[in-house]
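To start, the structure itself, in structure tokens.
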């Protein structure tokens, strides 16, 4: 029999096997709440899961063949090209919102209690006493969710309805972004967002390449060069794309935004043309075209695009305070059950005892206050309003109003670098020639040196003449100034030539005239020129050479033109380009000066690499260290003059290496390295990436507040380390441990051991090494990293950033906050317990996805120290006070029932109960949201106050127990006092005890308040006034004749004094003997 088992059987077993750990985890998480309402919740979720699985059968992702301009030839159906950020749709909205509400034990409990009132045997009072508060809570929640959902819908609609030009056999037609299909030929203009993942076929630029901005995808603001498929770029006209028979074979959709494998095939030529496609032939969705007009064929749409696959679904965030209060309500529920059991036991289980048990449950149901959720939700709304109204942090927007208290409990802050800590504006700061150094204040000297070197008669013929003269001759030929002048000139020329920058001239004639326009000499007007490059550092260097007189005016694939201070044009022929790679950390270029036919090899790169390539010197290492300490990004520039024979020999070997099939990259690198020997060191440059305003004091404040800061960036390791130092994320005295690149388990093990031996040093690790370590040693790495004062992760993809956030949450169980400003930070912001977005140069993607949106990084200090701290302390006080309000009345009910032979009769009827929870005590209790223990300036000055909050002492089982004891004491005194002092009628007990109860509550608010606000005083007197005024209408509960007597007044006063005075005395003694940390500052 077993032999007949089909493969399907194996697959089914496999899938069951995968679900086992998940099922176990579910079982582990089942607490008391699940037990009480177990069947209901389990059935609901099972049905929902089944429905979701049926509706969303996950398609297997496959490689695909895409015919140019023929979407109908696709073998399978591909997803729609629409963006969807909504949580619900029309059908799931109401069930989804209700589920999110009744997931809380508190709300579920009240739903059950309210429903029980429909059973005549269990009915205790009027229906409205239970249903009105519950209905109010739900109505507020549903309206808030509906508003949020509608805003998301509008934002999505705006993006999905953007118009693009689609190329068809009949010409161009306009289509909406959401109607684009796989196989369509789409035309994207300059500065337009690319709507879906495409292969780049044609461009209006003559060079056959274009630049794109990828900041919304990977957070890097430098422009990337993309190259069109040469077969389609060579076609004479646009329409010819339809006259050829061609297709693209693309790999299956993947997460990796930095790689792509595919082939382009043209069938109708003889023989068929095959071209391999890589990342440089792609245009990913959410990037922006920076130059020219591009035409591409769509290969992935909608959910299969790289940008969507790299963003995680937003989760419903629940604050830690809400979870803690949920635990406390469960404890209260146990107390409620215990109390009811005690009452039934003392009755002696007579008659239908189980019915009495349920009646007692309902009588004491005020132990768990429904108004808790109402008060907290209204409090959260108030905190949000205060944040948005704060003049010190203008432009702050609260997008998620449910978690303001989270801002007061943060332990880890994960921040992006580019645009968050830095402005992403590069400025040239320092040029060092070994013997002489030029800073920003001495740039005019360089200018005069450059001008003089071009005005000398012999160098009129060539711009590079001095470079061919050996320095020794210059030494003997004249004074020392001459040497400095020629060295400055050589350095400036090298910086002006050794780069990958293209000057672009904005054409007034539209796209078609752009290329011709750039070639007319007289139109090289300075104000019309912008520089494009794949790195902002390179642009800063070229802009600096322009400022000292040597201007880059034109560049194509084979030549470069510079303009001297005198207006003369120097032309250089580009013979070879060696682009920058993250492994090589250097770039090189071989140029021939057209006027003198001299060939020079220029090179620039990181000091670690270049120090072994240049001739021996004694200053490079020291100066690099000095510049790095100032937070400057350093580049070493060197050159080597080549003879015609040397170059021809190199070229033949280089071409041979490029054609080899095996180990091509290694062979090419070996040939290039043969040139990189004994190069002449020209200069060292320092470029600064400007920090955002007040980054240093803000980071210091956060550190003093006990918050650990991790920097997660997509940028290079050197740059990230540099910014970590200059922003004082890593203090000057601290060591930095750079985690070496690891690729295997063994290497990771050795490197982790090396790191373990270091103490109190910051960690710098790259995304690739992190991935390897997490695969084998997840727990060890996170444990070690958490002990570091600061951690820098560089070369992180968006999904890695989110993964790091989740790891910290799982391993430390502490609250995390993520802050960023680009589309690549969205996953991290949504994964963190609290996400903060900055509206920056990289667009609004992060600020729209975040829970809180600010305009500058420095605002985070006030947001956490002042608003986060006070929100948490106020909510903690408010939550416990509302519980105290419920406990005190339940204690009175218990005393009353035990005196009345354990009868399940309510002490206060109908309106008294509703009034007690609302109009009589609501305003003073809610006015606790205005309370503050220290002034905002003090909280900013002493961030150490924030550190106390992370221990969660404002709301814990200890503080809760204190409130329970207070409630039992006061409830007992109020009830026994009224029973001892009441005259002949039962009505008087109700009148005395209820009035004393209201007064006690108002006095307790006054006791809890730390700083009085005029609104609090108004609330106290308003509530008292409302109660006194309502006495006239409450004649069915009170005896009006008795209320107006002096006896009533002294009895009420006596009971109130006995219930409150001891607490005032205790509070005074506590403040004298062990004052809290904030009181030392206020005094």
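One is the number of the first residue shown, and numbering goes on along the chain from there.
Using N, Cα and C of the backbone, Cβ positions are placed for all residues, glycine too.
Per TrEMBL, the features are as follows:
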type: BINDING; residues: 416, 418, 821, 825; note: Mg(2+) binding site
type: BINDING; residues: 416, 417, 418, 538, 580, 604, 633, 713, 714, 715, 795, 801, 824, 825; note: ATP binding site
type: COMPBIAS; residues: 449-470; note: compositional bias 'Polar residues'
type: DOMAIN; residues: 73-131; note: domain 'P-type ATPase N-terminal'
type: DOMAIN; residues: 172-306; note: domain 'P-type ATPase A'
type: DOMAIN; residues: 848-1075; note: domain 'P-type ATPase C-terminal'
type: REGION; residues: 449-482; note: region 'Disordered'
type: TRANSMEM; residues: 32-52; note: transmembrane segment
type: TRANSMEM; residues: 128-147; note: transmembrane segment
type: TRANSMEM; residues: 331-351; note: transmembrane segment
type: TRANSMEM; residues: 910-930; note: transmembrane segment
type: TRANSMEM; residues: 960-980; note: transmembrane segment
type: TRANSMEM; residues: 986-1007; note: transmembrane segment
type: TRANSMEM; residues: 1014-1034; note: transmembrane segment
type: TRANSMEM; residues: 1040-1066; note: transmembrane segment
For residue 824 (ATP binding site) and residue 416 (Mg(2+) binding site), the CA-to-CA distance in whole Å is 9
Outside the transmembrane segment (960-980), at least 6 residues beyond either end, the same-chain residues with a Cβ under 8 Å of its Cβ set are 328, 331, 880-881, 883-884, 887-892, 894-896, 899, 989, 992-993, 996-997, 1000, 1004, 1051, 1054-1055, 1058-1060, 1062-1063
The predicted model's mean pLDDT over the domain 'P-type ATPase C-terminal' (848-1075) is 88
Taking the transmembrane segment (910-930) as reference, the highest number of CB pairs under 8 angstroms among 128-147, 331-351, 986-1007, 1014-1034 goes to 1014-1034
Residue 418 (Mg(2+) binding site) to residue 714 (ATP binding site), Cα to Cα, whole Å, comes out at 9
Same-chain residues at least 6 beyond the ends of the transmembrane segment (1040-1066) with CB under 8 Å of its CB atoms are 966, 969-970, 973-974, 977-978, 981, 983, 987-988, 991-993, 995-996, 999-1000, 1003-1004, 1007, 1031-1032
Between the binding-site residues 418, 824, the one whose Cβ has the fewest other Cβ atoms within 10 Å is 418
The DSSP breakdown of the domain 'P-type ATPase A' (172-306) into helix, strand and coil residues is 23 helix, 53 strand, 59 coil
Cβ atoms other than its own within 10 Å of the Cβ of residue 714 (ATP binding site), all chains, total 28
Whole-number Å distance separating the Cα atoms of residue 821 (Mg(2+) binding site) and residue 714 (ATP binding site) is 13
As a whole number of Å, the Cα atom of residue 416 (Mg(2+) binding site) is distant from the Cα atom of residue 714 (ATP binding site) by 8
Between the C-alpha atoms of residue 714 (ATP binding site) and residue 825 (Mg(2+) binding site), the distance in angstrom, to the nearest integer, is 10
Using a 10 Å radius on the Cβ of residue 821 (Mg(2+) binding site), the other Cβ atoms enclosed count 32
Spacing of the two Cα atoms, residue 825 (Mg(2+) binding site) and residue 795 (ATP binding site), in whole angstrom, works out to 13
